[in-house]
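*Asks:* Take a look at the following structure, please.
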Amino acid sequence: MVKVGVNGFGRIGRLVTRAAFNSGKVDVVAINDPFIDLHYMVYMFQYDSTHGKFHGTVKAENGKLVINGKAITIFQERDPANIKWGDAGAEYVVESTGVFTTMEKAGAHLKGGAKRVIISAPSADAPMFVMGVNHEKYDNSLKIVSNASCTTNCLAPLAKVIHDHFGIVEGLMTTVHAITATQKTVDGPSGKLWRDGRGAAQNIIPASTGAAKAVGKVIPELNGKLTGMAFRVPTPNVSVVDLTCRLEKAAKYDDIKKVVKQASEGPLKGILGYTEDQVVSCDFNSATHSSTFDAGAGIALNDHFVKLISWYDNEFGYSNRVVDLMVHMASKE
């Protein structure tokens, strides 16, 4: 089982750790966070406003974080180059601070003895992988990879199924996205992105997202055919993608439902879900799929122009894919 270090114990860092313990697929051996001391880590890991209390034991003992009886080494370094991952036995590092997202910055982890780095965010220059879409293209020569964004992980599996069966001529995506840590509780300064600085709980905020264009990186045939934007809305978690696209081959909406359902039960099982229930966002809290197609919410204008809806837990679904990507990478060692 691959031994993992986590850099940054924020929403994704903590949930990747939860996903690792829930699945038992990877072994978390070290965590680095300069801003959270050990006893605070115990508290933050145990209690979660969104996903509820951790079902297991967590305590501080002999300077280590002990989860379900397993002792985890704690570092508090600000500079990734100074983290002694090798000493703790960490082979792979999940870079989840949101700060070190380039090859150069994430590469600093390799200096401390890590063998590979998985950036839990989109990256300007690191190769991006989406489980179920292009993970097979990963090869051992790559030391630093990106797991793309939660939204790309929702959109890409759906886009792949649709494109493989009917061909996507072009498409626009909107994600109606839950609040994240980068937003403000009340109006405040936000650099050049003025709207992003408005109160998160009070507003629907139009925002940019690179998620749709990033699909073109993981599915090269769709490069230049998709773009999109986001609306940030006042919900704490769970987001939904609206993909409106023009199809090359004529398809009835029932045909689309059929192929998505088949994919959800076959090659994309566990990644792409399918539901015909009358669901709302809360129903996907703590869901582990990357994307769940909402058969009842989509509409077709005609046989070539459709609007497709897919839900995702932008925190926990994504965190589970980070774990899955590491398992896949380890299988290639």
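Each residue, glycine too, has its Cβ placed from N, Cα and C.
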*Asks:* Quick one: which of 243-248, 303-308, 327-332 does Swiss-Prot have down as motif '[IL]-x-C-x-x-[DE] motif'?
*Replies:* 243-248
*Asks:* Which of the listed positions, C150, C154, does Swiss-Prot note as S-(2-succinyl)cysteine?
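*Replies:* Going through C150, C154 one by one, Swiss-Prot flags C150 as S-(2-succinyl)cysteine.
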*Asks:* Under 8 Å between C-beta atoms and at least six residues away from its ends: which parts of the chain pack against the motif '[IL]-x-C-x-x-[DE] motif' (243-248)?
*Replies:* 155, 158-159, 162, 166-174, 226, 303-310
*Asks:* When secondary structure is assigned with DSSP, how many helix, strand and coil residues does the motif '[IL]-x-C-x-x-[DE] motif' (243-248) contain?
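*Replies:* Taking the motif '[IL]-x-C-x-x-[DE] motif' (243-248) as a whole: 0 helix, 5 strand, 1 coil.
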*Asks:* Out of N68, H177, K192, which of these recorded positions is nearest R232 (D-glyceraldehyde 3-phosphate binding site) by C-alpha distance?
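*Replies:* Result: the closest of the recorded positions to R232 (D-glyceraldehyde 3-phosphate binding site) is H177.
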*Asks:* Using Cα coordinates, what distance in whole Å links C150 (D-glyceraldehyde 3-phosphate binding site) and S239 (phosphoserine)?
*Replies:* 9
*Asks:* Average the per-residue pLDDT over the motif '[IL]-x-C-x-x-[DE] motif' (243-248) and send me the rounded value.
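*Replies:* Across the motif '[IL]-x-C-x-x-[DE] motif' (243-248), the average pLDDT comes out at 99.
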*Asks:* Can you tell me the three-state DSSP label for T209 (D-glyceraldehyde 3-phosphate binding site)?
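*Replies:* Coil, per DSSP.
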